Each structure stands twice: as C-alpha cells, then as structure tokens.
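Q: Next up is a structure, given as structure tokens.
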Amino acid sequence: MTATLERRESASLWGRFCDWITSTENRLYIGWFGVLMIPTLLTATSVFIIAFVAAPPVDIDGIREPVSGSLLYGNNIISGAIIPTSAAIGLHFYPIWEAASVDEWLYNGGPYELIVLHFLLGVACYMGREWELSFRLGMRPWIAVAYSAPVAAAAAVFLIYPIGQGSFSDGMPLGISGTFNFMIVFQAEHNILMHPFHMLGVAGVFGGSLFSAMHGSLVTSSLIRETTENESANAGYKFGQEEETYNIVAAHGYFGRLIFQYASFNNSRSLHFFLAAWPVVGIWFTALGISTMAFNLNGFNFNQSVVDSQGRVINTWADIINRANLGMEVMHERNAHNFPLDLASVDAPSING
C-alpha cells in the first residue's frame, strides 16, 4: 500500500513538472527544448566572460607562439577575443579531462571548443523552443524557420568551416577584431567576395535593411490619427484593438505613385512574407557558401590576366583583387608558413633547360 502511494505521488510530481515545463502561462516559456537550452547557453556565456577577461595566451598555430586574447593579458574590448583551439589539437574533441592539466587545456585553447559547441547546441535548442511555443499556441511554424538563417550562419563559421579546413584553429575567433581577421583571411584564401552565394547574402542583408526601413516609415507615415494635434499619434493605439492602425490603401497609393503601381504590395500578408523571406533566403545562401568554401570550392578567380596581341597585361579589377588576396595571405600566420599556399603549390620551373 505504501509503495503504491509513493509511486502515485512520484508520478504526480513528474506530471506537475511536465505541466510546468510545457505551460504557456509562465512568464518565460521553458519547453523541452529549453531544458537543454538553458544550461548550454549559461555554460557558453559564463565561460566566454571568464575567458574574455582572464584566459592566458593560446598557441593557435601550434608552433609554440601563444597569442593573447583576454583583457588581463593586454587587450581591450576591441582587440580582445576568445582565441580558437590550437592547430595542434585539430578537430579532436578536447574537453578539460583530455588535457594533462588545466594549464595545458588553456594553453591549447580548450575554452573556444567548449564555448562554441555549447553555444551551437544552445541556439539550435532556442530554434526548437520557438517552434515548440508556436505549436503550443496554435501558431504557424515560420518564426523558427526564419531563425534557422542565423543558426545556419553560426554553424557554418564555427563548425562546418573548421571541419572542412581540418582544425578548430581555423574557426572564427570570438571577438571584434578576431571576426575582422577571420573575414580578411577568408577573402585571401577563398575569394569570398567573388562567390555568388556571398553576393546573395549581401543583397539579403542590405535589401532587408532597406525594406524594413521602407515598411516602417510607410506605416508610421500613414497612421490613422485617433488623437488631437497636441498628443502623440502613438497614444491613439490600444493594444489588441480590432481596428486597423494604419491605412494600407494610403501607403499603397503613395508607394505606387513614387515608383510604379506594381512595385507596391496591396496584400499585407504577401508583404510581410516577403519582408521575412528576403533576408532569410539571403543568409541561407551565405551560410551555404561558407560551407562549400570550407571544402575549398572557392569564389570565382581570374588568375589568368587579360593580355593584348603583344602579350602585354591589360590590368583589370580581377588583377587588383588577386594582388590584394596574395598580400593578405602572406601576412597572416606569417611564422607558420614560408610562402602563401597559392605560390607554394605552383610547380617549380625546370632548370634543365
């Protein structure tokens, strides 16, 4: 009898826990994805803050030349970063217990792997939590689909690219100047600016900014005034009101006359789908581009210069880009390589005559 009561009590305790986890009445929805998201993101955030402030220099290139990234070792907010895991570790899973000591783990950049792997798991769970909450509320699933774009971009630079290049040391450093360094080296080695998928990403980000500004300004300019001239127009809106808050016909008429009639949406649902889809698809393509360049399927290169009938080079923009790429390539990891890869891979000229 006692055992039966205990089992019922434990079952009801588990049931209450399940109800609490999946309740949409909580101030912040937790959900089953949140059960994994909360500890992983807390771990990533905590280790990032500690490492950004106090981590010792990391031997990123595996050549016994540690690079300082933390504030206590001479950096500021701009130059500071979590230095990627050493090339000596490569793609090996490198938790603390795999190192001989904590000092060795820090020297080889263990915190970078810890932060990145927990972060990626956390943001993937955040995406799942968005879907889960939408499902509980009877909403459509497109919020999570839109969030998949930045998740794909993060996975591309923190996981797919290191896998393709063979080492976590090639991942993006976790800092401002480290991000710019990653971009410059990426351009030098993969000519990303000449990759069509990156071009689509640029169109997505800049186009999305333009469309967002256009939409916000059009709506704000065509509000239906419910207040006097002495009050803010914003005070005329009541949360949850059934009436339209702006005149879409006026906005459509304005924009149709500013550009031409069919450049303006007359369907609010089509408009908002477009506003969501444009940047999301662009960022999807950029993430796909990074993931293919990870395996050295690079952007267009025009290594053969245009020459005239006399064999003289006619300089084009491609020649300028090639020269810039070589300059950036010889300057990065300058003590790890004697020559940039583009020069070192060329067959040596014959000396036999």
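Here the Cβ of each residue, glycine as well, is placed from N, Cα and C on the backbone.
Per Swiss-Prot, chlorophyll a ChlzD1 binding site is recorded for H118. Per Swiss-Prot, pheophytin a binding site is recorded for Y126. Taken from Swiss-Prot, the feature [CaMn4O5] cluster binding site covers D170, E189, H332, E333, D342, A344, and the record attributes it to sequence analysis. Per Swiss-Prot, the feature chlorophyll a PD1 binding site maps to H198. Residues or ranges marked as Fe cation binding site in Swiss-Prot (evidence: sequence analysis): H215, H272. Marked as quinone binding site by Swiss-Prot on the basis of sequence analysis: H215, S264, F265. The site 'Tyrosine radical intermediate' annotation in Swiss-Prot covers Y161. What Swiss-Prot lists as site 'Stabilizes free radical intermediate' is H190, and the listing cites sequence analysis. Residues annotated as transmembrane segment in Swiss-Prot, with sequence analysis given as evidence: 29-46, 118-133, 142-156, 197-218, 274-288.
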Q: Using Cβ atoms and a strict cutoff of less than 8 Å, what residues sit near the transmembrane segment (197-218) while being 6 or more residues removed from its termini?
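A: 251, 254-255, 271, 274-275, 278-283, 285-286, 288-289, 292, 299.
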Q: When the Cα of H332 ([CaMn4O5] cluster binding site) is compared with the Cα of each of the binding-site residues H118, F265, H272, which one is closest?
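A: For H332 ([CaMn4O5] cluster binding site), the closest Cα among H118, F265, H272 is found at H118.
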Q: Which has the fewest other Cβ atoms within 10 Å: D170, E189, E333, the binding-site residues listed?
A: E333
Q: Beyond the listed site residues H215, S264, F265, identify every same-chain residue whose Cβ lies within 8 Å of the center of their Cβ atoms for the quinone site.
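A: Along the chain, the qualifying residues are M214, L218, A251, H252, F255, L271.
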Q: Looking only at H215, S264, F265, the residues listed as binding quinone, what is the longest Cα to Cα distance in Å?
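A: Of all Cα pairs among the recorded quinone binders, the widest measures 11 Å.
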Q: Which has the fewest other Cβ atoms within 10 Å: H118, H190, H198, H215, H272, the recorded positions listed?
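A: Across H118, H190, H198, H215, H272, these recorded positions, the one with fewest Cβ atoms within 10 Å is H272.
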Q: Compare the C-alpha of the residue listed as 'pheophytin a binding site' with the C-alpha of each of the recorded positions E189, H190, H198, and give the closest one.
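A: Sorting the recorded positions by distance from the residue listed as 'pheophytin a binding site', the top entry is H198.
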Q: By the DSSP assignment reduced to helix, strand and coil, which category contains E333 ([CaMn4O5] cluster binding site)?
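A: The residue in question, E333 ([CaMn4O5] cluster binding site), is coil (DSSP, three-state).
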